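Here is the structure we will look at, set down as structure tokens.
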Amino acid sequence: MLSKTLAVALLANSVLAHGDHEHQIPIQGPHKALWYNTLPGDGGTQADSVFSGISTFGRLPYFPCLASDDAKYDIAFIGAPFDTGTSYRPGARFGPSGIRQGSRRLNLYGGYNVPLETNPFNSWATVLDCGDIPVTSYDNTWALHQIEEGHNSLLTRAPATDAKKKGPAKNGKTLPRIITLGGDHTITLPLLRSINRAYGPVSVIHFDSHLDTWKPKVFGGSPSKVASINHGTYFYHAAQEGLLANDTNIHAGIRTTLSGPSDYENDGYCGFEIVEAREIDTIGMDGIIKKIRDRVGTTKPVYLSLDIDTLDPAFAPATGTPETGGWSTRELRTIIRGLEGINLIAADIVEVAPAYDTNAEHTTMAAADALYEIMSLMVKKGPLSKMIDSSEEEGQTEM
């Protein structure tokens, strides 16, 4: 009898509960007491464990910036999944997703950069991951147009900070910084075209094992106009189009074989100085840093392009054209940190092809860590409005 009474009571409660659904407030998402924990120390909040959740760069907030301009940012990450300009191993179209996967641990402990004494995840800057530019894999000409327009759309918006202050852009405005996840190195040409529309010719710091200034007839044979633009010729085209500031550009990490000494001569005509990878054995990291700083200066807008094959394949095997004899991850990160104070207006990382990586994700982690250093430099430098403030202060001091 007792069990019958209990069953009836349970059934009644169940009916009442179902009947009252219209008046209940549904619980939205994970329980905050379980998932949105405030971290101790100088950190912020962590939504969930670093091995779970949707991948964005460094677990940054995601916003579809190309679909809407409602979100403001000071630094935006954008992917350019293009790899049909490579000459050896394809696969860099998966670079953006691979780099995001390799970046999961960047802010595990809060993201504070000890050597640079800054936290790019907790600073004055609003930083977003804007997803990827839609890039066709069937038409290189159209794909490069898509990359240029997508990048320029993000680059020319008002930033979250100092939007109304003067800046170094051609129109006198302060713009946000864009960091692009490649993609093979061909993407740097449309990115520089976008930069040129906003800033005019800029100085370039180019980390790579290859020159990438080859004449199209030398690299690829140039059987057509489309084929003449690839990941070994894009800087030649950039120089021809007037995208590079004269004689203020520099390669670092070069160790490629050449068609002959004329390749270096042509590189000079394109406006570059060369720091070979082997120079680290004679002048050290400090000497390389000094060469870069002396070449580009600390007053002009500078674009940084980083090919992951700057690193030795022991540290970054997953790339399209690996070259032995490169730098270690530690050496590269130290050299990048040595660029503190340079006016980086934008950057890219390219040639990460995750299919060739180790199970331990060596290459994608190295790429993410290098970008962490670059992002830290940008955050520590402050909004680009400070370029104008600094130049005005120098002018007043001289007077």
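Any Cβ shown, glycine's included, is placed from N, Cα and C.
Now, the feature entries from TrEMBL:
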- 1-17: signal peptide (SIGNAL)
- His185, Asp208, His210, Asp212, Asp307, Asp309: Mn(2+) binding site (BINDING)
Checklist entry - Name the residues of the same chain, 6+ apart in sequence, whose Cβ is under 8 Å from the Cβ of His210 (Mn(2+) binding site)? => result Gly232, Ile254, Thr256, Asp307, Asp309, Thr321, Glu323
Item to check | Any further residue of that chain within 8 Å (Cβ to the Cβ centroid of His185, Asp208, His210, Asp212, Asp307, Asp309) of the recorded Mn(2+) site | outcome: His206, Ser209, His231, Thr310, Thr321, Val350, Glu351
